[in-house]
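The structure under discussion appears below in the form of structure tokens.
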Amino acid sequence: MGSTNSTLLKIPNVEVLMQETGFSPAHIIRLHDRFKALDKEGRGHLCPHDFGAIKELAMNPIGDRIIGAFFSPGKETVDFHTFVKILAHFRPVDKDRPKEPNSPEPINSRSNKLKFAFQLYDQDKDGKISRDELLQVLRAMLGMQVTDEQLESIADRTIQEADLDRDDAISFEEFRKSLEKINIDHKMSIRFLR
Amino acid sequence: MASSICLCLLRAVFLVCFVNPLIQGLSGDVNLVQDPRHRLEKNLTGLSIVTFDWHHVQTPYLVITWVFVAGLAKLSVIELNHHVISVVPESGLLIILGFILGGIVWGADKAQTFKLLPPTFFYYLLPQIILDASYFMPNKLFFSNLGSILIYAIFGTCWNAATVGLSLWGCYEAGVMGNLDIGLLQFLLFGSLIAAVDPVAVIAVFEEVHVNEVLFILVFGESLLNDGVTVVLYNVFDAFVALGGPRIDAEEIFKGIFSFVVVAFGGSFLGVVFAVLLSLLTRCTKHIQIIEAGFVFVVGYLAYLTADMLSLSAILSVTFCGICCQKYVNANMDEKSVTTVRHAMKVLANGSETMIFVFLGITAIDTEIWVWNTGFILLTLLFVFIYRIIGVFLLTWMLNKFRLVPIEVIDQVVMSYGGLRGAVAYGLAAMLDKDKIPEKNLIISTTLIVVYFTVILQGITMKPLVQWLKVKRAAHADLKLIEKLNNRAFDHILSAVEDICGRIGDNWWTRGWNRFEENYISWLLMKPKARKNRDYLFSIFHKLNLEDAVNYVSEGERQGSLAFIRSDEVANVDFKKQFGSEFTDVMPDIMAIIEIVLSLVNKKDTIPSVSLDIHGKDRKNVADDINAHHLLQQHLYRSRKNHRHKFSRSHFSINQSEDEVQEIFQRTMRSRLESFKSAKMGVNPAKKITKHHKKDLTHKMANGHPDGTDHLYGDEVDSAVGSETGAIRGTFMRDTYTVRAGIENPVFLPAMDSPTHSSLPWLMETDAVAPSQRAQWRLLWTPNRLRRLAPMRVSTCSTDSFLMADLEEHEEKPQTDHEEEIRPVFD
């Protein structure tokens, strides 16, 4: 497409963006198109209701939380950079990336993916998933048939399994440890963002 | 078990005793169809009070008897021991039953009088199955995978045909098969008819094996679309065989290729033409709703026959007719007609499928057709199997380079294993001309064996294979609770991010098409009212209204009277499931929304709760670890990845995952509404009101029976979701998130502006409106936009229509946002 370069030029700081996130120009353009499509009023940034307009998200039990994850605390808009950076979490892991000792971890590393997931649970950002927060997540993800006692019992049991230092909350380390066996790279990667 | 044995015996007895003597009795006058009125025999000696007259009813009688027998067969198969059913797929069992029946007839007759004749199959049994398949096809899924489906259908079938034909020919030349009167062209002809994956068999087996929706649509779509190729190949090679080898030159070959284009696209185009015809018809049938259901079948069948008449692909024609018309027909027709069509379609399709399989079994019991050639048959089986696997893997490897969401290996395995052949292959084989193809019987025998092999054996082993592969892939049988939870959470996260990124198929083309479709095609083909009611959100609330009202009234009746509603301090009822009531999860919504509304407007912030006293059941005490795991397993919402199965031969109602989807949707809406409420509480609202086109709808609804058709049948959720209105995008959402946006809900306005507004009668009026009405209003009032129960409380009387009062106020508001709201959202 002849317009590739011109589109790229229109995006400010595109080089930095590509560097940080590891997306190729084609992907950036695709995401930019998507961003513009979501931003119907053409303001250059997205609001929560732009996300809310995506029908399928309304049918996702934790859709609203994920929308919330795009917005830094206090901010009500998402600009393109933030949008891309957050989506960068879902890039498949680059297996053959040379390990440079001093460079920061790429956004799509396993650890950062887990951090993203962790922050979905940990709404108050205190670094721990409290029992209440877990209950909220469970409530969202389980059908209405499950009663509150059953819910609490599941929450208790879950914390029991994961909580190693017995503080009745799951810290990030405990979270990470409990998910050792799961192939995070596979489960939290969207192939077409490669 | 006992009942099924009884049924089998009954059938056997029926056949042997009743039908066979009749058949034997009809020795001379088999083909005479007499005018029923001419009952006068030659030697009439006196008035006979009652006569036995077989000849007159023979043909219809036999037909109906066989339909009846097939129905009994299905019944007995279903009633069979659960163990047997879970192992052998229904289609396999039906074939086996067919064997038995065929044996009975054979035993009585020494000849197979009942066979699956190709014309019967192609004209009377097949069309409704295809129509059923296409009418319930999940369109969005189909079209987003259309490219892959076409690749598999076209190239896969050609590959299969060519390789099987050539390999068999090669083996024949090598002398493995002994002496046969057969040539290369005939091998290719055989290859082309055996190559096609059969839709009937695929549906039958895949229905029992729950696979993910992409895989399902790929196999299913392929089986439907490959008819285009099969028909062409078959006809081309048939013509070539007739022409003879020497006369085939490049020209003929080019003609063959060109005929593919014509046949395939012509058939599809014809299907679309008939779909348009059908949609227009249903658009005009407002006053004869009773017969509009019939049009669907008639036009569908016409599409089939017309295509066949023009030697185009009939299956493609019906397929596209069904696919294209479903949206408009469902929108235009009355709800009852829609239900009728769905139900009737399923009945016909089920019946046909049963008959096909039973007759496939019966046809086998016929010594005339069986020619056994070990080499031929075994080699065919081998090649069919192997080349399918190779073909699928090869094509998938190529496709994965272009697909956004690649097809995984396990899916490829299932796809290749699921390449079932069925009755279409047999029908084509039976249509061969014996003079041109001397080895016709061998071909028929081989085809039958391939069909039995794939349907029965592969059907039996499909499920265990899938389970084995999945278990292998899962790597860990025993996950901890937190792992299970997180697994599912990740699935949801991934689906959500995929949606945010725009899934497959979201690009300029699809958006442009959607826009075009909404503006022009829907304008042409849909009733205007139906167009307005495409609003997905609206239809969900309409459905909720119906459910709420029904539940509410029935509960009230159970309690004796509705008078309880007026009191404020009745003990609390819990509408939750734990009390074993039959209320759906919808009920909490009423409570939540009423709570919200009342607490907002009622400055005292006490919420009068309406309650019914229901005695609680004992609550189960969940203490076990096993229970927790079990609960998670059962109740975690499934994500898009986890098998939202969308097509079934015998069920058309909303399948469970659609219920889940609805539930999730309601909860999301509710929580958004609550967050709106909390946002609103903290902020001074602006006075801006934007008129929403939904008010038109609510206005209409207030005036009578809601015209909106219910879009919540399984596949229609799909099409409704795929539909273009920005319902959810509408003002509803804007309220939730944009903190400083104007309050658009006029219900909240009165709280700020005019406390004397009559929209909240139970707070203002103390004296009596008739109790029932008032009681109903009190409970059922909801924010204007939602109007959840408004349509059930229609009143044209001016005094008590709170609705009217409310509406009048806002009639004049400028419709500036009207266009905006209808603007489609393409996500």
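Here the Cβ of each residue, glycine as well, is placed from N, Cα and C on the backbone.
Remember, TrEMBL labels are computer predictions, not curated facts.
Here the structure is a predicted model, which means the values were calculated and not measured.
Here TrEMBL flags B:78-468 as domain 'Cation/H+ exchanger transmembrane'.
Look at TrEMBL and you will find B:1-25 tagged as signal peptide.
The transmembrane segment feature in TrEMBL is assigned to B:61-80 (among others).
Residues or ranges marked as transmembrane segment in TrEMBL: B:92-108 (among others).
Positions annotated as transmembrane segment by TrEMBL: B:120-137 (among others).
Taken from TrEMBL, the feature transmembrane segment applies to B:149-170 (among others). Residues 142, 184, 187-192, 194-197, 217-218, 221-222, 224-226, 228-230, 233, 376, 379-380, 383-384, 387-388, 390-392, 394-395, 398-399 of the same chain sit 6 or more residues outside the transmembrane segment (B:149-170) yet have a Cβ under 8 Å from a Cβ within it.
TrEMBL lists B:182-206 (among others) with the feature transmembrane segment. Packing against the transmembrane segment (B:182-206) from elsewhere in the chain are residues 89-91, 126, 129-130, 133, 157-158, 160-166, 168-169, 172, 216, 219-220, 222-224, 226-227, 229-230, 233-234, 237-238, 240-241, 245, 248, 315, 353, 356-357, 380, 384, 418-425, 428-429, 432, 437-439, 443, 446-447, 450-451, 454-455, 458-459, 462, 647, 649: each is 6 or more residues past its ends and has a CB under 8 Å from a CB in it.
Taken from TrEMBL, the feature transmembrane segment covers B:215-237 (among others). Outside the transmembrane segment (B:215-237), and at least 6 residues removed from its termini, the chain residues within Cβ reach (under 8 Å) are 130, 133-134, 138, 141-142, 145-146, 148-150, 152-154, 156-158, 161, 185, 188-189, 192-193, 195-199, 202-203, 206, 256, 259-260, 263-264, 267-268, 311, 313-316, 319, 407, 411, 414-415, 418-419, 424, 428, 645-647.
For B:257-281 (among others), the entry in TrEMBL reads transmembrane segment.
Marked as transmembrane segment by TrEMBL: B:288-304 (among others). Long-range neighbours of the transmembrane segment (B:288-304) within the same chain, counting only residues 6 or more positions beyond its ends whose Cβ lies under 8 Å from a Cβ of the stretch, are 127-128, 130-131, 135, 270-271, 274-275, 277-278, 281-282, 314-315, 317-318, 321-322, 325, 329, 333-334, 336-337, 340-341, 344-345, 348.
Residues or ranges marked as transmembrane segment in TrEMBL: B:310-326 (among others).
Counting only same-chain residues 6+ beyond the ends of the transmembrane segment (B:347-365), those with a CB under 8 A from a CB of the stretch are 66-67, 69-71, 73-74, 91, 94-103, 105-106, 112, 114-116, 121, 124-126, 128-129, 131-133, 200, 203-204, 297, 422-423, 426, 448, 451-452, 455, 649-650. The transmembrane segment annotation in TrEMBL covers B:347-365 (among others).
Positions annotated as transmembrane segment by TrEMBL: B:371-397 (among others). If one looks beyond the transmembrane segment (B:371-397) by at least 6 residues along the same chain, the residues whose Cβ comes under 8 Å of a Cβ in the stretch are 151-152, 155-156, 159-160, 163-164, 167-168, 171, 176-178, 180, 194-195, 407, 412, 415-417, 419, 421, 439, 441-442, 445-446, 449-450, 453-454.
The transmembrane segment annotation in TrEMBL covers B:442-460 (among others).
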Can we call the transmembrane segment (B:120-137) and the transmembrane segment (B:442-460) in contact, meaning three or more C-beta pairs below 8 angstroms at a sequence separation of 6+?
no
